[in-house]
Amino acid sequence: MLGFTKGLKYTLKNLTKEKVTYNYPDVPMEMPDRFRGIQKFYPEKCIVCNQCANICPTDCITLTGKKHPDPDKKGKIIDTYDINFEICILCDLCTEVCPTEAIIMTNNFELAEYSRDELFKDLQWLDENDTNKRKENKT
Amino acid sequence: MIDQMLAASPNLMNTFLFFTIAAAFLMVILGFVTYAILAERKVLGFMQMRVGPNRVGGRWGLLQTVADVLKLLIKEDTIPKLADRPLFILAPVLAFTPAFLVLVVIPFSENLKFADLGIGLLYYIAISGITTIGILTAGWASNNKYALLGGMRSAAQMISYEIPLVMSVIGVVLLTGSLNLNEIVAAQENWAFIFIQPVAFIIFLIASIAELNRTPFDLPEAESELVAGYHVEFSGFRWAFFMLAEYVYLFAMASLTTVLFLGGWQPIPFLGFIPGIVWFALKFILIVFIMIWIRGTLPRLRADQLMSFGWKVLLPLALANIFLTAIIKELINSF
C-alpha cells in the first residue's frame, strides 16, 4: 500500500520536472568539441601532400593538385578536393594526418539528402562548411 | 425542457429535434474524446519527463488527435477473407452504441440532463454490459486465435469487475433509497458520498478502471506485450470505433463517479455562486486526471492476479460494505 502511494507521488512530482528530451529539429543540437562531424577544408593551407587520401580507410577522398601559379614558388596548390560521404566513416584520420591542418572536423552532422549524388561534396562545399569548427583547430 | 419534449406526442418535428440534440451531444462527446486522448498523452508525457505531442497544431499539439483520426478514417477498410463478415461489421457498432446510450441518464447540471429515469443507475449498468458482447463478437468474428483469446480474456475481466462495481454502488443506493441519479445527486447536498462511503468509492474507482480496460488492468490490449487482443484484425474506422467506445466509456464512467460519489453538480459550501455545470466539469476532470495518473504510475497486473483481486478482495469488501451500510442505517433509523 505504501509503495503504491510512493509511486503516485513520484509521477506527480515528475509533472513539473525539467524534460529530459531535446527539442532537436527546432533547436540545433550542441555536440561536444571532440565530435567527429563533417570536415571543413581550407584550400589555401593545403600543400597537396596526399596523406589524407592515403590514410583514408575507405578511400573516399580524391584530390588533384596543380603547379603553383607563381613560377618562383615550389610545390603545388590544390585543384580539386572531393569527399564522398556515401562511404566516409568520419574516422578523423584525415584531419589527424594533415600536416597543415588544412582539413579539420566540425560539429555539423546533418548529412541527409534526397539524392546520393548530393553526398559527393566538392572543394567549394567543404570550404563553405565553416560553422561549428572544432575549437582546438581554430586558427 | 427535455421533460416536456419526452411527454409530447410523437411527430416528425419532435423526432427531428431529438435527432438534432443527440447529434449535438455526440459532437460534444467527440470533442471530449479528441482532447481526452491528447490530454492523456500530454500528462503521460509530462509524467515520463518528456513533452508529448507537440508537432501538429502548434506547440501543444492541439490537432494531433484530429490528424490521427483523419488518418484512421481514410485508411483502407480491411476485412479478413475468413472472418465472419456480418458479425465483423456489427462488432464495433455493438461496442460503441451502449457507450453512447448510457450517457442519457447522467445529470450534468440542474437543467442539463436528458432522461430522468427512475432506474437510472440500473439502466447505466445494464446497458454498459452490452459492450462486452461487442468485444466478444469482435474476437469471435475475426477468426483469429489471438483475437478470440483476447476477446475471452476481456469478457472475463469485464464480467468479473462488473460485480464489485455494482456491489459498491449499492451502498450509495441504500443511503439514498433511490436508483435515480438526480435523487442521488440531491442526497449529496450536505455531504458527498465519498466521505460517507469511502470504501465504496475506492472499490468503485478500481472496478471502473478495470471496466474501462485501462492500465493497470489493460490486459485485453496490453500494448507492450500482446498482439493487441480482440481488435487485432480491425483497422481504419472500425478500429477507431473501439477506441471511441473506450474513451466514451471513460467520459461516462468519470461522469458516473462524479454523480455517485463527488456530488455531481453540487457546489462546495460557500462557493454556490459558481454554476453547477462548472462544478461538474471540475470534478469530472479530477476523476479523468486520476485515471490518467494511475495509468502513468502502475504496472500491468498478471491475469491471475487480476482475477483473484477482483473476486477475492474487491467482491468481499464490497459485500462487507453493503452489510455495514445497511446495519448502520438501521441503527440510525431505530434511534
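Please read every residue number as a count from 1 along the shown chain.
For all residues, glycine too, the Cβ spot is worked out from N, Cα and C.
Listed features, source TrEMBL:
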TRANSMEM  B:16-38  transmembrane segment
TRANSMEM  B:87-109  transmembrane segment
TRANSMEM  B:121-141  transmembrane segment
TRANSMEM  B:161-179  transmembrane segment
TRANSMEM  B:191-210  transmembrane segment
TRANSMEM  B:247-265  transmembrane segment
TRANSMEM  B:271-294  transmembrane segment
TRANSMEM  B:306-328  transmembrane segment
Do any residues, 6 or more residues outside the transmembrane segment (B:121-141), come within under 8 Å Cβ-to-Cβ of it, and if so which ones? 83-85, 87-88, 90-99, 101-102, 105-106, 147-152, 154-155, 158-159, 162, 165-166, 169, 173, 179-181, 184, 211, 220, 229-231, 234, 242, 245, 249, 252, 256, 260
Tell me, please, if the transmembrane segment (B:271-294) and the transmembrane segment (B:87-109) are in contact, taking contact as 3+ Cβ pairs under 8 Å between residues separated by 6 or more positions? yes
Restricting to CB pairs under 8 Å, which listed stretch, B:16-38, B:87-109, B:161-179, B:247-265, is in contact most with the transmembrane segment (B:306-328)? B:161-179
Can you tell me which recorded stretch out of B:87-109, B:161-179, B:247-265 has the most Cβ pairs within less than 8 Å of the transmembrane segment (B:16-38)? B:247-265
Counting only residues at least 6 beyond its ends, the same-chain positions whose CB falls under 8 A of a CB in the transmembrane segment (B:161-179) are 118-122, 125, 129, 187, 193, 196-197, 199-201, 203-204, 206-208, 210-211, 217, 260-261, 310, 314-315, 317-319, 321-322, 325-326, 329
Intrachain residues whose Cβ lies under 8 Å of the transmembrane segment (B:87-109), provided they are six or more past its termini: 25-26, 29, 79-80, 115-117, 120-121, 123-124, 127-131, 133-135, 137-138, 140-142, 181-182, 185, 233-234, 238-239, 241-242, 244-245, 248-249, 251-252, 255-256, 259, 264-265, 275-277, 280
